[in-house]
Amino acid sequence: MNLLYDPGWMSQVEWMLIAGFIFSFLVAFGMGANDVANAYGTSVGSGVLRLWHAYVLSAILNTLGALLLGYKVTETISKDIFHIDIYNVHSQYNKTTGSYSLVASCNQSAIVNQSSDCTTYTSADYMVGELGALTGAAFWLILASVTKLPVSAAHSIVGASIGFSLVLRDASSIRWTRLISIVLSWVASPLIAGAFGSIFYVIIRFAVMHRRDPFEAALKIVPVFFWFTLAVNMFTVFYGGSKYLYFNEISWWLAFIISNAIGIVVALLIHFAFEGWIRRRALNVYEREMANTSKDALNQRWIIPYDLSGDIAKNTELDRPNNEEAKEQLREEDADEFVGNHSNACQLLIMPVKEDRKAIEVFNLLQILSASFLMFSHGSNDTANAVGPLVGMWMSYKTGLASTPSADRLDIELLILFGAIGQVIGLVMLGHRVIKTLGKEITEVTAPSGFAVELGAAFTTLIASKLGIPVSTTHCAVGAVVFVGLTRTGTLSGVSWTKFRDIIISWLVTLPVSGAVAALVADLLGHFLLGSV
């Protein structure tokens with residue numbers, strides 16, 4: 001099929017746009033099944049949320065993050081990985097023949113005996129390449145989700161974009177400086193998220209778990225964490241935020257004041273209005289868990305209360321402190337003794353944390369907040385990976401030029417919403433598989449450690465979103481899980497290195513697999529459908 005690049009040439013490739021929507025949905029589906037699961041994996045793994053709770057919160061917060069902050073990363077994915085101008089063609093109208101033909105450029109001094117009607121378009125092979133990119137990313141994300149491996153959507157789509165660019169053009173088409181900065185962010189983001197997560201957990205360790213009464217200490221620090229989490233999240237929303245809500249016109253200092261005001265108001269409400277409710281809820285959950293644990297332990301014990309002479313048997317299980325409440329008391333006494341005998345902060349830092357069971361229950365609401373924070377940040381960053389190529393195809397179809405500015409267009413927001421909906425569907429259908437891997441199979445996750453993991457990962461992802469860098473929420477979440485697991489247990493055995501190895505291997509093969517599939521699809525479409533492009 002030889003294309004005629006006249007003003008209506010885009011109608012000749014409408015089928016590619018339709019295919020782009022289909023495969024963009026599949027990318028979003030695979031991302032929802034894989035990446036979206038990262039946000040609530042630790043919350044579900046620690047038992048704070050049920051699976052359907054995670055689905056509902058994900059649908060709301062992922063969509064909000066995508067609509068409010070997703071446009072910056074969308075532009076990076078659709079335009080900044082490769083030199084988009086290298087796909088330009090120049091079409092000149094000849095009044096003599098009454099037809100359009102391709103010319104080397106629209107420089108009129110180099111064109112003889114032709115009119116001034118010369119237009120630059122993005123060629124159809126760009127759309128072929130982006131369709132290949134969506135195909136490669138969709139293939140890998142869905143395959144990884146089925147095999148329960150938390151891979152990176154950012155890796156997938158960037159690898160696929162490189163693959164089709166190398167096939168349809170050559171290595172000079174890649175923006176290597178931009179690509180290197182993206183790859184470096186992939187390496188740095190799990191380390192940064194892990195560092196943030198460990199710092200947050202160390203704060204919890206010293207401010208709560210090493211106190212004489214961890215339960216009361218947890219109740220006191222909950223409002224502080226609510227303030228910090230909300231203030232950071234709100235600042236990213238208001239400063240340089242949605243252009244449709246005019247948040248982009250808010251100065252940094254006004255955004256700082258508004259975000260902190262929201263955080264302080266919520267913190268005061270938590271302290272004065274909801275502390276009693278949080279206390280009662282935590283105690284009720286704790287007592288219920290202790291009762292269930294004691295009942296299970298009693299049912300599993302084989303007790304012979306009398307010996308042959310009719311006297312109560314000596315040295316039986318009844319004489320040993322197997323009651324869970326007694327064990328809890330011993331743990332608390334050990335913790336008090338530990339705090340009293342070890343004044344050295346370094347010793348406290350490297351020793352395993354003895355988390356108070358009642359204090360853990362206080363962190364339930366905080367973990368839900370931090371997971372929601374991470375979900376919002378995921379929407380702001382990773383949704384662009386699903387719709388970035390589709391945005392480029394859409395702009396080519398609507399305007400003839402993929403590089404047309406798109407940040408202020410309402411139709412781009414609708415495309416982002418389309419990607420967010422696809423993610424929610426993928427999460428509901430397949431997300432439980434990756435949730436299990438991240439929440440239970442790398443390290444043991446409790447509410448305090450889960451809060452630190454999610455806050456560290458979200459903090460890192462939102463910073464990247466504001467800078468327009470497509471980092472991996474998967475990398476951030478896994479990095480934070482590993483670092484916090486090491487910080488919590490104080491030993492290398494606190495992390496399943498076998499599972500971590502499998503995840504690293506899946507990360508390493510993501511780029512070549514998605515790139516190879518994209519290159520193959522782009523090459524086949526280019527040769528058999530478009531001919532010489």
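Yeah, the Cβs are placed from backbone N, Cα and C, and that goes for glycine too.
Look at TrEMBL and you will find 12-32, 52-71, 149-168, 180-204, 224-246, 252-274, 412-430, 504-530 tagged as transmembrane segment.
Long-range neighbours of the transmembrane segment (12-32) within the same chain, counting only residues 6 or more positions beyond its ends whose Cβ lies under 8 Å from a Cβ of the stretch, are 1, 3-4, 124, 127-128, 130-131, 134-135, 137-138, 140-142, 144-145, 153, 156-157, 382-383, 385-387, 389-390, 393-394, 397, 418-431.
Within the chain carrying the transmembrane segment (149-168), a Cβ under 8 angstroms from the stretch's Cβ atoms is held by residues 27, 30-31, 34-35, 37-38, 41, 77, 81-82, 87, 125, 128-130, 132-137, 140-141, 174, 179, 182, 186, 381-382, 385-386, 388-389, 434, 437-438, 470-475, 477-478, 502-503, 506-507, 510-519, 521-523, 526, 533, all 6 or more beyond its ends.
Taking every listed stretch (52-71, 180-204, 252-274) in turn, the largest tally of C-beta pairs under 8 A with the transmembrane segment (412-430) is reached by 52-71. Through the fold, the transmembrane segment (180-204) approaches residues 81, 152, 154-155, 158, 221, 349, 363, 448-449, 451-453, 455-457, 459-461, 464, 469-472, 475-484, 486-488 of its own chain, all at least 6 residues removed from its boundaries and within a Cβ separation under 8 Å.
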